[in-house]
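The next block holds one structure in the form of C-alpha cells; read it before the comments.
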C-alpha cells in the first residue's frame, strides 16, 4: 500500500490517534505547542505504518520503532526532534495500553541518541601558566590560586572541587579523596604546585572559615564556597591575568584531560583520573588531533616501526 502525506489514513489508525489527542487536551493539560508536536510526529508515523501495509497500531513492534529511529537519523533529523518523536510514540502506546488496545509498549526500550554538546576549547600550556601566575598575599587570592591549581592539577569537576573537605586532602602524599558522580569515591594524585598552594591556603584558611566548617574552600562568609562563586572568581582571574580565553572550571578540567592525554597517550589512566565510568566518554572529552593519534600508534603498535631503518 502506497500513500502520500495527504492520503486519508484508515480508521483503524486514525481513530486511536483522535482519541489520544482528546486525552492530551482534556486530561494531560499539555501546552498547545506540545500537542501540535505530538500530533505532527504521530501523523508522520501513521503514514509510515500505512506505507508498510500495517493497518493497526497493535502490529507495531520494537523492530519497527528502531527502524523508524534509524530512518530519522539517516535523514539528518536532530537528536532533539527524534527524542520528541519517540516520546510521543511512547506516550501514545501507554495510552493504548491503558485502554486495553495493546499489551506492551514497543517504544519503551528505544532511545534517541544523546545530543552532542560542543566541548569547550582547552587552554594551551602557556595560557595555563599565565593564569596561574597569581602571587598575592591576600587570603582570597591564595584561596583562588589553590582552587585553580587543584582543579587543573587533579582534573576535578566543579562540584567535586566545591565538595572537598579538609580531611580529604593528604598533602604529604599529594593525594585527594574525591566524591564524583553517583557518589562514587576515587583517590587522585595532584601536582606539586597544587600541593604547595593548598598548603598555603590551609595556613590562612582559619582567618575566614567559620568554627567547625569542614569545607576546604570557604567564602568570605566562612561557609563552603558556592559553584557560582568559583565560576565568577575564575573568570575574573582570567581577565586580570590577561588570558585571551574565557576561563571556567570546566575549561580547566578539560585542559587537564587534554594535556595529560597528549603527554602520556594513556587513555585508561586519564579515564581513571577524570572519574569517567566509560572510556568512550574520555575519548570524546579529550579530542586528540590526528598527529597525537598517529604518534600514539607509532609508539604502541608492534608493526608500526620500520625495520633496518627503512
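Just so you know, glycine gets a Cβ as well, placed from its N, Cα and C.
The domain 'Core-binding (CB)' feature in Swiss-Prot is assigned to 11-97; the stated evidence is sequence analysis.
If you look up Swiss-Prot, you'll see 118-298 marked as domain 'Tyr recombinase'.
Sequence-distant neighbours of residue 157 (active site) (same chain, 6+ residues apart, CB-CB distance under 8 A): 180, 181, 249, 250, 253, 275. Residues annotated as active site in Swiss-Prot: 157 (among others).
Within 10 Å of the Cβ of residue 181 (active site) there are 11 other Cβ atoms, across all protein chains. The active site annotation in Swiss-Prot covers 181 (among others).
Around residue 250 (active site), taking its Cβ as the centre, 14 other Cβ atoms fall within 10 Å, counting all chains. Among the features that Swiss-Prot reports, active site is placed at 250 (among others), with the record citing sequence analysis.
Of all Cβ atoms in the shown protein chains, 23 besides its own fall within 10 Å of the Cβ of residue 253 (active site). Annotated active site per Swiss-Prot: 253 (among others), in sequence order.
Per Swiss-Prot, the feature active site maps to 276 (among others).
As annotated by Swiss-Prot, active site, O-(3'-phospho-DNA)-tyrosine intermediate applies to 285.
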Quiz item: Taking DSSP states H, G and I as helix and E and B as strand, how many residues of the domain 'Core-binding (CB)' (11-97) are helix, strand and coil?
Solution: 73 helix, 0 strand, 14 coil
